[in-house]
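Have a look at the structure below before the remarks.
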Amino acid sequence: MNLSIKENKETVRPVFPFTAIVGQEEMKLALMLNVIDPKIGGVMIMGDRGTGKSTTIRAIADLLPKIEIVKDDLFNSHPSDVDLMSDENKHALQNGINIDKAYIKVPMVDLPLGATEDRVCGTIDIEKALTEGVKTFEPGLLAKANRGILYVDEVNLLDDHLVDILLDSAASGWNTVEREGISVRHPARFVLVGSGNPEEGELRPQLLDRFGMHAEIRTVKDPELRVQIVEQRTNFDQDPKKCIENCAKDQIKLKQQIADAQLLLSTITIDYDLRVKISQVCGELDVDGLRGDIVTNRAAKAYAAFNGQQTVNSSDISKVITLCLRHRLRKDPLESMDSGEKVEKVFNKVFNLEEI
């Protein structure tokens, strides 16, 4: 009972408005594009301490419209999309059994650093399965995060094996748990957001490459901007309700823009010539594999949809290509140029642009 009370309190806890966040445009753009198209593959946010990483991630989750689920379902199953529902609900749908529906806020799940594999994936009661022949599954954090956002702070300190599991589930949209020959599978489609401080160590390149985007954020140096950030935070801490009310109009406008972009996304086209140039940039940067090409195409379409366009242009690509490729470049200790600057330089050369 006490746990239930605690959860209810957390649900009504005021969240700093996304539209009130000053600066950090790169991080905000990466999060919005992943929300518009979760197939981009999540975002890794690396930056200094105290730069608003956690605040921004919680704010984007709070901004999103409510989702329709099967009532009291442990996996946030979609009531009609079979790719987003559990086997039990799929069976009920196929047999014409009436399914009760409900609306909830987009799930925002925090993965603690000390989490075990069982806590993340869920557990099967082997004893009950063997003695009674009943599959009893205790869902983990991946089930809770289905159709939502899974946030891992200090992901660079997380066990590599767990990072692998998260990335596999995020890419496939499913979580499979196998114990002693017994297998349980459930939908686990979520936006994976990792954050960390580069001073505390980097992720292995093989794992970093699996993140769709990589945003780098730095402490704001402009004194006027710093004052504005401090004022915004102070106003929110003193009177959260008033701060949220002041931002309500901008929040509603952005929420609608994201919802419209999600609907428009499937109709967006990108010319063959532009696709060739994207691959040319990846080739000249010596990017391993094809993930860079695929993610850049998806991100450019999501950006075009966000702006209400029907087709992708070179300006759209310029806004997303650094986010999609900077973490895929091979590390050269003798290279003085920042990886982001290198991507921009090659992009301008391939697209015959001096500056965007």
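Just so it is clear, glycine is given a Cβ too, placed from its N, Cα and C backbone atoms.
Remark: GLY50 (ATP binding site) has THR219 as non-local neighbours, by Cβ distance under 8 Å and separation of at least 6 in sequence. Positions annotated as ATP binding site by Swiss-Prot, on the basis of sequence analysis: GLY47, ASP48, ARG49, GLY50, THR51, GLY52, LYS53, SER54.
Of the listed binding-site residues, namely THR51, SER54, the sparsest CB environment within 10 A is found at SER54. Apart from GLY47, ASP48, ARG49, GLY50, THR51, GLY52, LYS53, SER54, the residues listed for ATP, the same chain places the Cβ atoms of SER195, ASN197, ILE217, THR219 within 8 Å of the centroid of those Cβ atoms.
DSSP classifies GLY47 (ATP binding site) as strand under the three-state reduction. Minimal Cβ crowding within 10 Å, among the binding-site residues ARG49, LYS53, is found at ARG49.
The number of other CB atoms found within 10 A of the CB of ASP48 (ATP binding site), across every protein chain shown, is 14. Same-chain residues at least 6 positions away in sequence with a Cβ under 8 Å from that of GLY52 (ATP binding site) are, in sequence order, ILE21, GLN24, ILE217, ILE229.
According to DSSP, GLY52 (ATP binding site) sits in a coil region rather than a helix or strand.
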